[in-house]
Each structure stands twice: as C-alpha cells, then as structure tokens.
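Chemist: Not my notes, these are from Swiss-Prot:
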- 9-120: domain 'HIT' (DOMAIN)
- 101-105: motif 'Histidine triad motif' (MOTIF)
- His105: active site, tele-AMP-histidine intermediate (ACT_SITE)
Amino acid sequence: MAGVNQACIFCEIVRNPTTTRLLHTDEKVIAFQDIKPAAQRHYLVIPKEHIPTVNDLQRRDEDYSLVRHMLSVGQQLLQKDAPQSIHRFGFHQPPFNSVDHLHLHCFALPYVPRWKAIKYKSLGPLGGFIEAETLLEKIRPLLSKV
C-alpha cells in the first residue's frame, strides 16, 4: 500500500506536479481539477501515498485521519471557490472507480450536464459512490484517538 506506483497516473502527478495545476499541496495530499469535470467545480484530492481504493482503508487512526484531512482540504477549496453552491464529497468504490489510486471527488453543484449525476450515485450493497462522511463512519477506529 505504501509508496508510489510507477504505472499510476495519480502517482505520476505526485512525482511530477509541473504537468498539472495544483490547487493545494501539503505533506499528505495534493488537489487539482478533474480533467473531465462533472460539475460547476469538480476537484480531486488524492493522497501522496499510493492507496488503491476505499477497500484498502481500515479502522485505523491513520486511515481515518487521512480521509478526514482529504475532506477538510476539499471543503476549504470549494468554500473559497464556490461558497454559494451546494457541495458534495465522495469516493467511487470498486469496480466503479476509474483510477486505482484513492481520490476524493469534490463537487460544487449543479452537475454539468445534469445527466452526469448518474455517475455519482450510491448503488447500496453493489457499491457505486460513497459519501465521504459515510466512509468516515465506516472506517472510524473503534477506540478512536482522533
């Protein structure tokens, strides 16, 4: 799970950020605009460490803290860039993820065009899209220190 995957497009952005306009960078994550935006604003927040999918997250303080930090970064970006919009945050779950590198979708709604909302629906037990807050509840450590 740790480190960088040489074949991963998001790991390439982490290694060589000059190819992408970064909206945020810190020791844990980077953020940039989705190349195929589905909303008025559509940003991605990714960990610098290669974590393939939400299924690789566990009820551990470090995983919970990472996702909470990703959400905080996304919220700050959208509050700054689209404060009047409704915001939505979440992750695709396998097999519906397009890139095998954990990434938080951050939306300032509405979806553009409107039909793109279909891509970001929960499919219940089949997976689909999971809201960031729902994922946080799912991975919250049982004896949380955070």
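Note that Cβ sites are derived from N, Cα and C of the backbone, with glycine treated the same way.
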Chemist: Treating G and I as helix alongside H, and B as strand alongside E, what does DSSP give for the motif 'Histidine triad motif' (101-105) in helix, strand and coil?
Modeler: 0 helix, 2 strand, 3 coil
Chemist: Test of understanding: give the count of other CB atoms lying within 10 angstroms of the CB of His105 (active site, tele-AMP-histidine intermediate).
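Modeler: For His105 (active site, tele-AMP-histidine intermediate), the count of other Cβ atoms within 10 Å is 21.
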Chemist: What does the DSSP secondary structure composition of the domain 'HIT' (9-120) look like, as residue counts for helix, strand and coil?
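Modeler: Reading the DSSP string over the domain 'HIT' (9-120) gives 41 helix, 32 strand, 39 coil.
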